[in-house]
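Colleague: Quick paste of what Swiss-Prot says about this protein:
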- 11, 12, 16, 17, 18, 19, 94, 121: ATP binding site (BINDING)
């Protein structure tokens, strides 16, 4: 029997509980969780990653819910999905994907994957990389050496 594969994608810059929640919830949808980590040069919809792609990949690979982690393709985001052939593709609550458009693009490539948007992580006030960076800047900018 073929394993039910789930693909999750993201930048995963400065890992935080929101990322772990997204990947944990994604893993519940199948037998194997494959994570595609965005390449540095492909992150265009938000500030460039602070951590280089190899380091982000290593961090994601070390997380318990993750069975396989790979870097995305340099030019075509669907190439790894063509190879993995997932049953499900998950999208984070704040990822810039139109689910219907994505379903259409998958259908054009004969990839009948279900598309599922994972909800927002609600526990804690530092559940985004942006908020973590902001807290660090505020703490260091004020001369306070503590972060917390």
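Including glycine, each Cβ sits where the backbone N, Cα and C put it.
Note that this is a predicted model, so its numbers are computed, not measured.
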Colleague: Just checking a number: largest C-alpha distance across 11, 12, 16, 17, 18, 19, 94, 121 for the ATP site, rounded to a whole Å.
Modeller: 17
Colleague: Starting from the Cβ of residue 12 (ATP binding site), draw a 10 Å sphere and report how many other Cβ atoms land inside it.
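Modeller: The Cβ of residue 12 (ATP binding site) has 25 Cβ neighbours within 10 Å.
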Colleague: Enter the number of other CB atoms within 10 angstroms of the CB of residue 94 (ATP binding site).
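Modeller: Here the count is 13.
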Colleague: Tell me, how many other CB atoms lie within 10 A of the CB of residue 121 (ATP binding site), whichever protein chain they belong to?
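Modeller: For residue 121 (ATP binding site), the 10 Å Cβ neighbour count is 19.
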Colleague: Cβ atoms within 10 Å, counted per site: which of 17, 18 has the most, among these binding-site residues?
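Modeller: Comparing the binding-site residues 17, 18, the most crowded Cβ belongs to 18.
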